[in-house]
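TrEMBL annotations:
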TRANSMEM  25-51  transmembrane segment
DOMAIN    43-294  domain 'G-protein coupled receptors family 1 profile'
TRANSMEM  63-88  transmembrane segment
TRANSMEM  100-122  transmembrane segment
TRANSMEM  143-165  transmembrane segment
TRANSMEM  206-224  transmembrane segment
TRANSMEM  236-254  transmembrane segment
TRANSMEM  274-294  transmembrane segment
Amino acid sequence: MSALNDTKFNSAVFLLTGIPGQEDVYLWISILFCLMYLISIVGNSVILFIIKTDPNLHEPMYIFLSMLAITDLGLSLSTMPTILGIYLFNSKEISLDSCFAQVFFIHSLSLTESSMLLLMAFDRFVAICNPLRYASILTPPRIAKLGLVFVLRGVVLVFPVPFLLKRFQYCRANILSHSYCLHQEVMKMACSDITVNSIYGLSVKLLTVGLDFFLIFLSYVMIIKTVQSVASPMESLRALNTCISHLCAVLLFFTPEIGLSVIHRFGNSSSHLLQILLGYVYLLVPPLMNPIVYSVKSKHIRARIIRVFVK
């Protein structure tokens, strides 16, 4: 009997979900998603190319931006196979192991994205509040160490999650509400006690994304106090203008991230369509919009891109 259960467990699959009721227009939706992925991959690749090939952009702010672009590329590639598989080929099945692997990549890259936004906030804080020590504080070796530490933070904290999910047997409805696998949803499919998973997932979220958001908010409070106390109104606006791109990236990432986490844990009566749409915004919009925002707002990157395409 035990062997039979193990066989059922090993051969089980989850069914991913597209947008319900819109099956007739899946082809058009797939074209939209293909365009979004294409823009995300090309946009972030261009950002990386520009920063790598232009020595004038080898500054802390742009190095952190390149780290964000790499993370965005990873997020796009981690969700592309299942999302496009559903809308292009109606391929909704995903094996348990593939699902757990996707959970690892999505969540570790999300934590890394949160960390990169925190490091970029720290960069703006030092540049505005302590400009004379900017070059001595954010040295290339220190930047590399900070980036490595935060990448490892995401990997180490998410690494146990697939193993916590793998120990369960899944005997409930196996239909997920998204086109990809998320920990907070997959664990609800188990027919065992998920208390450990729930507490661990919530603790990691609060100690990483929650803490990062609080520190970013705190850094901007201190930035605003600094520019108000030492600069004229025109200089204050000029200093704050250097933060607009980062603020847009913060809002694009944290708003759907927090919203989706709240809905999955506490919003049992929320609209199913809202969950699906918020899930797409959470993982598709930041990688799509970040390179566009930074290309538009950063005159150095904008000028370099124009020179490349004019040539």
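Note: Cβ is positioned from N, Cα and C throughout, glycine not excepted.
What TrEMBL says about a protein is an automatic prediction, not a curated fact.
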Pop the mean pLDDT for the domain 'G-protein coupled receptors family 1 profile' (43-294) in here, whole number is fine.
90
Cβ under 8 Å, sequence separation of at least 6 from the ends of the transmembrane segment (25-51): give me the contacting residues as numbers and ranges.
18-19, 57-58, 62-63, 65-66, 69-70, 72-73, 76-77, 80, 83-84, 86-88, 90, 284, 287-288, 290-292, 294-295, 301, 304-305, 308
Give the nonlocal contacts of the transmembrane segment (100-122) in its own chain as ranges (CB under 8 Å, at least six residues past its ends).
61, 64-65, 67-68, 71-72, 74-75, 78-79, 82, 94, 146-147, 150-151, 153-155, 157-159, 161-162, 165-166, 180-183, 186, 204, 208-209, 212-213, 215-216, 219-220, 246, 249-250, 253-254, 257, 283, 286
